[in-house]
Every structure is written in C-alpha cells, then in structure tokens.
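I have placed the structure first, in the form of structure tokens, so that the comments after it can refer back to it.
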Amino acid sequence: VRFQSCDGNKKIHFGSSEPEDFRVGEDGVVYAERSFQLSAEPTEFVVSAQDKETQEEWQMRVKLTPEPAFTGASEKDQKKTEDIIFPWQQYKHSSPLKRQKRDWVIPPINLPENSRGPFPQELVRIRSDRDKSLSLRYSVTGPGADQPPTGIFIINPISGQLSVTKPLDREQIASFHLRAHAVDVNGNQVENPIDIVINVIDMNDNRPEFLHQVWNGTVPEGSKPGTYVMTVTAIDADDPNTQNGMLRYRILSQTPSSPSPNMFTINNETGDIITVAAGLDREKVQQYTLIIQATDMEGNPTYGLSNTAAAVITVTDVNDNPPEFTAMTFYGEVPENRVDVIVANLTVTDKDQPHTPAWNAMYRMTGGDPTGRFTILTDPNSNDGLVTVVKPIDFETNRMFVLTVAAENQVPLAKGIQHPPQSTATVSITVIDVNESPYFVPNPKLVRQEEGLLAGSMLTTFTAQDPDRYMQQTSLRYSKLSDPANWLKIDPVNGQITTTAVLDRESIYVQNNMYNATFLASDNGIPPMSGTGTLQIHLLDINDNAPQVNPKEATTCETLQPNAINITAIDPDIDPNAGPFAFELPDTPASIKRNWTIVRISGDHAQLSLRIRFLEAGIYDVPIVITDSGNPHASSTSVLKVKVCQCDINGDCTDVDRIVGAGLGTGAIIAILLCIIILLILVLMFVVWMKRRDKERQAKQLLIDPEDDVRDNILKYDEEGGGEEDQDYDLSQLQQPDTVEPDAIKPVGIRRLDERPIHAEPQYPVRSAAPHPGDIGDFINEGLKAADNDPTAPPYDSLLVFDYEGSGSTAGSLSSLNSSSSGGEQDYDYLNDWGPRFKKLADMYGGGDD
C-alpha cells in the first residue's frame, strides 16, 4: 500500500486494524504476523496512515484473496503473469515525419527472500508486439543470468517467460539488474534492450549479533544517578530500514543486586548504560555484571529475534577513606650524631584500593622539628611512614624530640569527607648519648714565628675540648700525628708544643712560608675516640742565606768585543733580605781587577766583561763578591768559571773543543778513574782464573815416580778378544806397528796410560806373520812381574785407568786379583754357594789350575 501526501513531506506511520494478523512496515509493505489458513472468502482489514506531527489519519480497506498453488506453466496461469512489452519505436523505413516513441521505465520487481518455491518460479513475461509478424527469440543478461552468480534467473526464449530458479538471500545480494533482449531467428536485434530491476524483499532471518560478548566499563564509586557508564552495540544483518533490522536493548539481570537490583539502566535504542540509583561503594561491591539483550522487530518479544551479551562494570576507587594511624603515639630512639637512621615506623590503615593515589600515604610534620632534623619517607609496599634523621643531633643540646605528624593521601579527599582525628599522631624520639671525638679549638691554629728558632724552644700550646659533658672521663692525651720535618713535639698532658730542631723557612717541607703539622687528642671513653688538629706555622724570613752567582760557568771571547757575560744573583731569602744585590770583584788576586770588570745592570743582574783588549784562551776562575740588602747584610764570594776562547766575527767560539779538553771537569775525571779501576779488576780476575785452572790441572796429575810407571801406549783395535777362559790366543797379534818411530815413543816407565799421545794416531799397517822383537806381550809380562815383586807399586796393572786417591785406605786393593802374590793359593769354591749371580767368579777362581 502506498500513501502520497499533497506536499510530499509528511512523516507517515502505517497501522493495521488487525495488528495480531497483519503488520504494515514504514515502506508500506504488508506482512503476515502469524501463520494461518485463509478461507475461500476474501479477507478484509483496514490500513491507516497517520501523520506523526498533526496526528491526522487516513484509512484504506485492503481485500486479500487466496492465490491457488502453482501446478505448472499452464496457459491459464500464464495469463495471470504480468506481461512486460517492449516499447514501440519507429523504424527507418517509416515516415520521417513520425517521431520515435520514448523508452518505457519498467517498475522494479519485488521478490521475497528465502522463498520456498516451487522452482523455477515465474516472475514476468517479456514480449514484443512484433512477435505476430516475426519469429523472435528472447534472452536476459547481467549478474544472476549470464554473469556470476549465473543461473539464478532464466527466460524462455520462445515465450519470454522470466523465472527464478532458487531462493534468494538479501544479505548476499539485495537487488539484481538485468537487461532483456529480443532478436529474430537470424540474431538481428528487433527491439532495444530493456532494464529489469529485481529487488529482494527482506525477511527477518538474522538474529542481532553483539560486537563483543563481554563488554567492560568503569564507573567511579559514589556516582550520582544519570552518570554515563558505557555503550554496548549489536548489529543485525537484516535491512536496517525495516523492522527486521531495528534493534532494541534491555537489561535482563544485574549481579550482585546490592544495594539495589536496578543500579543501572540502558537506552533501548542507543545501548548507552547509565546509573539510575545512588549507593555505588567500591569497598562493598567492586564489580557488577549485567546481561544485556538485543531484539530486532523494534524489540517485539513475540516476533523479534534476540541475542545476549555481558556487560562487566568495575566500580573505580575514589578517595573517600582518609588514612588513619594505628596508634596515637609512636616511640623511637637515635644515637647522637647519626644521620640516615630510621628511628620510628608509623603505620596507617586506608580502606581505599591499595597502591592507588587514593591509598598511598604522605606524611607531614606539623610541629616539634623547627630545625628540620627529621624527614618522613613512605614505604611504597606497606604504606608505612619511616621517620629518618637527616641532620646530626647533639645529646648535650637536645635529649628528646616530640613530633606531630599528619597523614594524607596523594589525591585530595572526595567532596564532603573530612580528616578524622586518627589522621594525626605524635612521635616521641629519645636521643642516646655516645662518646664523641675531642676537637681542637681553633682548628687549624695559625702561629707566626721567625725562622731560626732553636731546638728546645716553646712554640705554642695546642689543646682540644671534649664535647661529652655528661660522661665521667679523665683528661685528654695528646700525640703527634704528622710532622714532615720532625721539628716539633707535644706534651701528652697539657698540649705544649716545643721545637726539636731549628726551624728553617727555606726547607723543602715549607710551602709558601707555611709549615703544617697534625696532632691527635684522644680520650678514654668506651669506645675511645680521638680528634685531629692542624697547626700552621707561618715562618718569617731572616737573612740567614748569602746570595750565590748563577750560572757557575760561562764562555767569552779572548778579545774585548764582544765579551760581555750576564750573571744573576740567587738568594733563598725573600724581601727585604734578598735583592737588590751589590756585585764587585775582590782586591786579591790583583789579576782579577786587572783583567775583568763587573757592572750591575739591575737589582738581580750584573754583567762581567774583559777590561783588557786581549786575554789568552783558557779557563779562568773569576771570584765575585755579592751582597744582599738584608739588615744586617749577608755576602758571599762565588767563583765563576769563565772559558775564554777564540771567536769568529759573529762572536761564536771556534776552539771550544780544545778548551774543554784542556779543562776537564770533576765529573769527567771521576768517570775516567772509574773506567781504569774496572779495567784493572777485570785483568786481576782473569789472572786469578788462569792460576786456578793450572792448579786444577796439576791436581789431576798422578803423584808417582816415572820410573814406577810401567804403562805404555796401548793401540786401539776393533776386536776386543775373548775372556779369561780364552787362553789360546796368538800373541803375535799384539806386535808393535813398524810405523811408530822409536824417538817418538817415551821410554818404558815414563809415559802413563791416561796420557793422550802427543803425535797423531797412526794408520794401522798390515801385521807381519813373523814374531817381532818388540813384542807387546813380552812388555806386559815384564810389567806384571815388576808389579808382583813391588808391594808399593800403584795398582795400574790392569787396562782400566783409576786416579790415584792416596794411601792409608783400610780397604784392600782390588787391582791385583790375577797376580802371583794376590792369594792365588786360596780356595774359592765357596763362591758356588752364593747363587747364579756369582757363577762367573766361581768358574774363574774355583776351577783349580784350569
């Protein structure tokens, strides 16, 4: 049903006389509110249109008749289908005077979604008035026909019947735009294409959906009614311009229900949640949970679809509970002179949410500490107040403090809430007396004294004071802690300082005329304490140092020009005992004033030059008398060593090397003497070493008579021969070689076996088979006989060589085991009883004559 006002601007609300059966939407579409069977007779009801502003109402009667079920595309049913005829147009062969007819505007076709069919379901019939004279073919194009999604709409090419093949879903595609075509059998276009719009009518087939299943919001405690909390939002996939997509919100439940079951309300259209009752208290209820329902069909509980979500509302804390002390008075104690010490722990309670600005406590001292010796810090974990000492406290001045402390929060209290008396407390702090260090007065102490004060003189008295007036202690004891020059000593009882050496301002321990010494004062308290004091002695200068010339050596030319030498006077003293200085040459020897002259050019400087025209090159000692300006004056004679040399035109010496060589300095002479001494020491050490080496060689010589030495050279051979069992050997193999010259061989009894031959070892010649007169075997036998007959002969009868170790040994000789006088008649059979290790000896000596 459609309604059009005269001015076209009225806002109309449709109503039905049978609202339980029929409903009229805002767009005039009539809906069945329930499922029911229509009778064969027409059903009538009234639709009213009411102006929302003027409340003026119009009515119209609607008659509904049942539509028979679809049984097929019979000719009778086809007549009931609406026909869409192509608009007529004038072709080119017609009269040119006739104008072409304008194209028709085809109204949209409304098709409900989710139709149950049967399918294909006929919609309209498209035809051309030229189908009477021509055989035409009809087709449709566009999305839903020949474009994706294809096959939703089909057309009978002969009859032009347009049908839908399956149920439609408005939430996927809300409308289809098709174009119908009419061509002849040859494919030639006979009509202009026409546009067909098919609107899918929305049905309430989607439930509302919340954007979140759990919504979180906050509201301060103590909020007034009407305070905004949060907004929940749901969406509906159905058409929002119809009741299918119009949502309404409401609160189903509230948990917990205290202090009122209706603490919140919700705007049914926007979803805004606000408070409607007072009494929100975080300390009682910290969180509320609301179940929110969203229903379409404008909230119709009968026909609308619903869904639910949870809204969690947290009650935030405000500072509606002030901090309160757990006691009215707190106590503490602190030793004197201690800082950064916690002396008392203040505890408070606060019902607000912990670790928030409304719970965090701040402590403020309102009285009892005018000098600011204490501060109160807050423990971030326990919220306790820590009373801390920040300035030293003297027991002799203050023995007790009584502080007044107030506790507050980091944020002010809520409006209308006052601090109770429990937010203020007192703190009683007792100061404990401890043994304190003595202190010197004044410190440092300055004393002005002339230098040169003799040892044993009393300088000053330096005493200390003990701050502990309430402790029973003996007098202080004094000692010296630092005295760089060891000039002073202090009396341990009365602190009198006397000198132990002469005070010298020019000492290296004096800086800027000031000498510093440190002394120690100690008491006998428990524990013992001590303090230090510095004595500063400002030494006044006296004229105790004569000036000296600088430099000590100079060079000048042997001629008169240029020959000036600049010298400077140096005095360790200071004004007025220093410059200006007087320079002069002594009267003796007379050659000094005859050859030299000196002129003062400033208070500290003078110029020495030749008086004569020429002075022979060499080194001259020129004495100079320098006198200072002190009272009395101090003077000294300093010797300036002047090297006179030949100079070039520029005044530079040309024979400096000769002059320097002629006048060696003390350092050069000492260096030369040291070198000579070192060289002599090295020569002496070499001589001693050579003598010691000769003595060692002589000690190795055997102290024997050459006549008793029966050894001779034994030539080396590669074959070693057999043992003593091998008695059958040829002595001809021991013949002396022919190549040995008789004069090169020492006589028998002179050469020793441990001597190396002085001649080169000969190449061994081929031995002759005939016996040789100089047979070595005969020589060995003769030596053996001589050894057997001489009991005093040294034991050199074997081929092994031993150094002679002297006589007087208690052990018997082992070197004459095979001699005729060595006990050959003894019985050695007992060696057989000593085991296999002595079997060789038993065979050698226990076998009789064999």
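Keep in mind that glycine also has a Cβ here, set from the backbone N, Cα and C atoms.
Curation does not apply to TrEMBL; its annotations are automatic.
Your range for region 'Disordered', going by TrEMBL and the list 1-20, 41-60, 541-560, is 1-20. Sorting each residue of the domain 'Cadherin' (548-654) by its DSSP state yields 6 helix, 53 strand, 48 coil.
Beyond its flanks by at least six residues, the region 'Disordered' (1-20) meets 26, 28, 30, 33-34, 45-53, 58, 60, 62 of its own chain at Cβ-Cβ distances under 8 Å.
Confidence over the domain 'Cadherin' (326-440), given as mean pLDDT on the 0 to 100 scale, stands at 90.
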